[in-house]
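According to TrEMBL, the protein has these features:
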- 9-91: domain 'Prepilin peptidase A24 N-terminal' (DOMAIN)
- 102-207: domain 'Prepilin type IV endopeptidase peptidase' (DOMAIN)
- 6-24: transmembrane segment (TRANSMEM)
- 97-117: transmembrane segment (TRANSMEM)
- 123-142: transmembrane segment (TRANSMEM)
- 151-172: transmembrane segment (TRANSMEM)
- 192-213: transmembrane segment (TRANSMEM)
- 220-238: transmembrane segment (TRANSMEM)
């Protein structure tokens with residue numbers, strides 16, 4: 001029952017994430033006007049907004065104008081719901097669950113926007129950094145400790161990606177630099193180094209596959225944000241285990 005509840009909450013929030021994915025790049029309010037069909041502009045009723053189910057009932061089309069609805073909508077809803085369940089299995093009902101649920105939802109939005117538009121809006125990076133300040137700050141206040149690793153993570157990750165941008169004449173975007181700085185503060189030095197390493201490994205493999213499948217050309221721009229998101233998700237679930245394994249073999 002708990003898993004079903006968590007999955008449902010994830011679906012509902014996933015529906016809101018789709019609004020963010022559509023509106024943020026166009027600099028529109030994510031609150032007003034209410035949800036509507038992007039084609040005929042008809043305001044959607046509650047029955048039209050039931051995650052996944054409404055998509056199935058209406059066969060992936062707007063029931064007012066018949067326009068086909070992108071598969072992105074049920075995919076994002078389902079992915080967010082699944083991630084919430086996996087986070088619940090790892091953290092249970094806890095502050096950590098809330099902390100990482102918010103992070104993962106923000107990363108899903110970043111993944112989709114960077115994939116479609118090749119940008120990572122500053123507002124999303126600020127969202128992640130502010131969350132990190134709140135959760136990391138409150139934790140260190142409670143333990144009367146200084147988050148040295150978090151500040152080092154910010155400087156190393158942000159500085160490394162800035163150096164890449166300078167050396168490659170802007171091949172690495174400013175949004176990637178800010179995202180890595182925010183994640184560096186969130187995860188701390190060791191885990192953000194792991195994120196950097198995994199993001200380049202994943203990026204190299206997936207980019208090569210896209211070229212081999214002729215979905216991308218050798219000179220085509222491939223956004224790096226999605227690779228950072230995938231790497232961060234892996235570290236969220238398995239970061240400490242991966243670091244322990246690595247340290248055990250050196």
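Placed from the backbone N, Cα and C atoms, the Cβ positions cover glycine too.
Tertiary proximity for the transmembrane segment (6-24) is limited to same-chain residues at least six positions away from its ends with a CB under 8 Å from its CB atoms, namely 30, 35, 38, 49, 51-52, 72-73, 76-85, 88, 101, 105, 108-109, 112-113, 116, 121, 123-124. Segment contact holds for the transmembrane segment (151-172) and the transmembrane segment (192-213), given three or more CB pairs below 8 angstroms at sequence separation of 6 or more. Using the rule of three or more Cβ pairs under 8 Å, pairs at least 6 apart in sequence, the transmembrane segment (192-213) is not in contact with the transmembrane segment (123-142). A Cβ distance under 8 Å defines the sequence-distant neighbours of the transmembrane segment (220-238), meaning residues of its chain 6+ beyond its ends; these are 83, 86-87, 90, 100, 103-104, 107-108, 110-111, 113-115, 118, 120, 172-173, 175-176, 179-180, 183, 187, 191, 194-200, 202-203, 206-207, 210. With helix defined as DSSP H, G or I and strand as E or B, the domain 'Prepilin type IV endopeptidase peptidase' (102-207) counts 91 helix, 0 strand, 15 coil. Sorting each residue of the domain 'Prepilin peptidase A24 N-terminal' (9-91) by its DSSP state yields 47 helix, 4 strand, 32 coil. Averaged across the domain 'Prepilin type IV endopeptidase peptidase' (102-207), the predicted model reaches a pLDDT of 94.
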